[in-house]
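Peer 1: This is the structure, below, for whatever I ask next.
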Amino acid sequence: METLTVNLAERSYPIYVGAGLLTSSALFAPHIAGQRVMIVTNDTVAPLYLDVLRKTLAGYQIDTLILPDGEAHKTLASFEVIMSALLKGTHGRDTTLIALGGGVIGDLVGFAAACYQRGVPFIQVPTTLLSQVDSSVGGKTAVNHPLGKNMIGAFYQPKAVIIDIDCLRTLPSRELAAGMAEVIKYGIIWDADFFSWLEQHISDIQSLSPDALSKIILRCCAIKADVVAQDETENGVRALLNLGHTFGHAIEAEQGYGKWLHGEAVAAGTVQAAETSLRLGLLSDTDVSRIKALLKAANLPVTAPADMTYDDYIHHMLRDKKAKAGKLRLVLPQAIGRADLFTDVEQTVLRAVIDATH
């Protein structure tokens, strides 16, 4: 097992990465506030891992809540289901919530923990690659709204993130690929050597090599922990973690949440960001080709939905949380390993990019 730390003064917390961690009661115990625990999971993960975790936490008074799986259920309605379960169970501030699942469950449970009685502790137990390398770390919690993704939420840090790489053995190949979009993102924005390593070892990741999985999870979490420690509430460098997300969130919202997995939309959005950089003279043809090739090798889309127009994108992108004073701001790569935030890219450039990437 390896341990990383997100350094946020008195709110600092560990990230544990290893195999078989779901069965380690000693790992959970220091991060559980009292005797009561509510495990929230979904109907895909529950048959696989809920009983395992219940057995691990056998010494506690455990309630469980099983929600429907999928991005379509990351809603205020699901949030209210969690609230109702907590209230009906007369849970207090000494209850610890545990998010057992992927990014949707983690975001939902984190938001519920932030709001219930103005804040109760929670633990992230991510079971998908995307949640293990990205969404479980950093305290972003939210639900979607029909008019925009992650528009209702809070910054609220977990007490711990417990990453069991064995959970990836039951992950469908499409979900594994979706998680790779976030892994590749870290190479593009932060670490050129890591990007090169991914080019050489993508097949090891796809064959679920424990060493390769540990490597990518630890590297991504280390980068994110560093960024979050510098900029917890996304006023500066943390915005770089949104490479591909402004285009990608527009795809998700326009297509209907769940039609495109988050990672698939981010992959297409990353290509659109790279093409924007190319047209602005920020990025070389060679780097754009390498980005596309690695995304393709990871079984991710490199073209966006054919039925989306420029107006469809802008309708959603102007609601993006990075926008300021009505002006669009985009994270754009300047080289593999380096990116920055750019304001007010010309509409003619965006139109050309959107036309070229469908």
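Glycine residues also receive a Cβ, built from the backbone N, Cα and C atoms like all the rest.
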Peer 1: Among Glu182, Glu199, Glu275, Glu346, which residue does Swiss-Prot annotate as binding Zn(2+) together with His245, His262?
Peer 2: Glu182
Peer 1: Which one of these binding-site residues, Asp69, Glu182, has the sparsest Cβ neighbourhood, judged by other Cβ atoms within 10 angstroms?
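Peer 2: Relative to the other binding-site residues in Asp69, Glu182, Asp69 has the fewest Cβ atoms within 10 Å.
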Peer 1: For His262 (Zn(2+) binding site), which of the listed binding-site residues (Ala72, Gly103, Gly106) have their CA atom within 10 A of its CA?
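Peer 2: Matched binding-site residues: Gly103, sequence order.
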Peer 1: To the nearest whole angstrom, what is the C-alpha distance linking Glu182 (Zn(2+) binding site) and Thr128 (NAD(+) binding site)?
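Peer 2: The separation of the Cα atoms works out to 12 Å.
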Peer 1: Work out how many Å separate Thr128 (NAD(+) binding site) and His245 (Zn(2+) binding site) at their Cα atoms, rounded off.
Peer 2: 19
Peer 1: Return the residues near Gly103 (NAD(+) binding site) by Cβ distance under 8 Å, restricted to its own chain and a separation of at least 6 in sequence.
Peer 2: Pro126, Thr128, Leu130, Ser131, Asp134, Ser135, Ser136, His262
Peer 1: What is the Cβ neighbour count of Gly106 (NAD(+) binding site) at a 10 Å cut-off, with all protein chains included?
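Peer 2: For Gly106 (NAD(+) binding site), the count of other Cβ atoms within 10 Å is 29.
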